[in-house]
Amino acid sequence: MFARFTFRTCRPAGQAIRKYASEASPKPSSNVPLYGGLALAAGGAYYYWQRQQSPQALEAALKERSKVFIGGDQGWVDLKLAGIETLSHNVKRFRFEFPDSESVSGLHIASALLTKYKGPKDEKPTIRPYTPVSEEEQPGYLDLVVKQYPNGPMSTHLHNMAVGQQLSFKGPIPKYPWEQNKHDHICMIAGGTGITPMYQIIRKIFNNPNDKTKVTLVFGNITEEDILLKKELDILENTYPRRFRAFYLLDKPPAGWTQGTGYVTKELLKTVLPEPKTENIKIFVCGPPGMYKAVSGPKNSPKDQGELTGLLKELGYDKDQVYKF
């Protein structure tokens with residue numbers, strides 16, 4: 001991934017893409033058209049019901065539900081694996097059920113959970129953060145989408161788990177605090193499973209009829225089948241073509257691929273992102289270490305964003321305009 005780059009788009013190129021990047025977000029009166037489409041895609045009555053509620057009514061309803069994860073000194077919570085869905089040759093969706101089917105996760109936007117596993121021969125437990133892809137207000141369970149890495153002890157353990165086994169969780173781990181209309185335009189540069197915290201924010205925006213934030217996504221993967229959550233992203237892009245645009249990059253594109261290949265480059269970012277001087281924008285970055293190094297520079301620690309370097313610095317963005325997950 002991110003080895004070479006040529007950007008060939010089937011959409012109107014050049015000036016049309018630049019226009020999208022620079023124009024203000026339209027102000028539609030409602031997100032209702034999305035609700036039905038996503039409800040059908042999800043196949044759940046609750047999924048549809050909760051989108052018909054006003055944000056205030058939904059918030060009040062959620063306050064009445066018990067939360068599985070409350071942070072602080074709560075400690076680890078063991079959840080049972082209830083289902084496994086194979087998404088590709090090395091990616092699976094794992095559903096973990098809550099002890100109480102009416103409880104919700106207690107996560108907020110944007111936040112993650114820690115997972116813990118200690119094998120019989122391990123001296124120390126393996127602890128890794130994951131961002132659930134299920135709704136924060138979904139009662140009864142949470143879903144993780146996990147790619148198995150050859151030398152990844154937690155991802156390998158998850159892929160070897162059987163239904164009925166348990167995994168320890170802890171959280172929520174706060175990331176970027178999101179509020180509706182906090183920014184006029186957000187831009188997301190993601191690689192591989194780095195899409196999961198991005199999708200958490202994207203979903204929150206388009207589930208809220210009062211949030212008019214515009215979203216641009218640049219998403220790199222190795223192959224087309226590695227593009228996680230593509231179905232959900234397509235629904236959003238088709239429903240909100242003036243508020244959500246996704247640009248995909250593949251290291252190994254199939255025949256007939258019409259979008260980008262290889263590296264995220266300065267040329268691409270200059271074309272699809274709003275100019276640095278644009279007011280009230282935010283750029284989010286999440287992906288493998290090589291992508292951080294090239295695009296934004298790495299974080300110093302989970303709580304220290306580090307200095308802004310790489311392509312975004314070269315293009316003139318400042319540190320306050322960028323957040324690294």
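Just so it is clear, glycine is given a Cβ too, placed from its N, Cα and C backbone atoms.
Over in Swiss-Prot, the protein carries these features:
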TRANSMEM  32-48  transmembrane segment
DOMAIN    74-179  domain 'FAD-binding FR-type'
BINDING   182-217  FAD binding site
All-chain count of other Cβ atoms within 10 Å of Lys212 (FAD binding site):
17
Just name the winner among Gly192, Pro197 (the binding-site residues) by count of other CB atoms within 10 A of its CB.
Pro197
Check Leu217 (FAD binding site) against DSSP and tell me helix, strand or coil, would you?
strand
What's the most sparsely packed of the binding-site residues Ile202, Asn207, Leu217, counting other C-beta atoms within 10 A?
Asn207
DSSP-derived class (H/G/I helix, E/B strand, else coil) of Pro197 (FAD binding site):
helix
Which three-state DSSP class does Asn207 (FAD binding site) fall into?
helix
According to DSSP, folded down to helix, strand and coil, what is Cys187 (FAD binding site)?
strand
Pull the DSSP breakdown for the domain 'FAD-binding FR-type' (74-179) and write it out as helix, strand, coil residue counts.
8 helix, 48 strand, 50 coil
Over all shown protein chains, what is the count of other CB atoms within 10 A of the CB belonging to Lys182 (FAD binding site)?
15
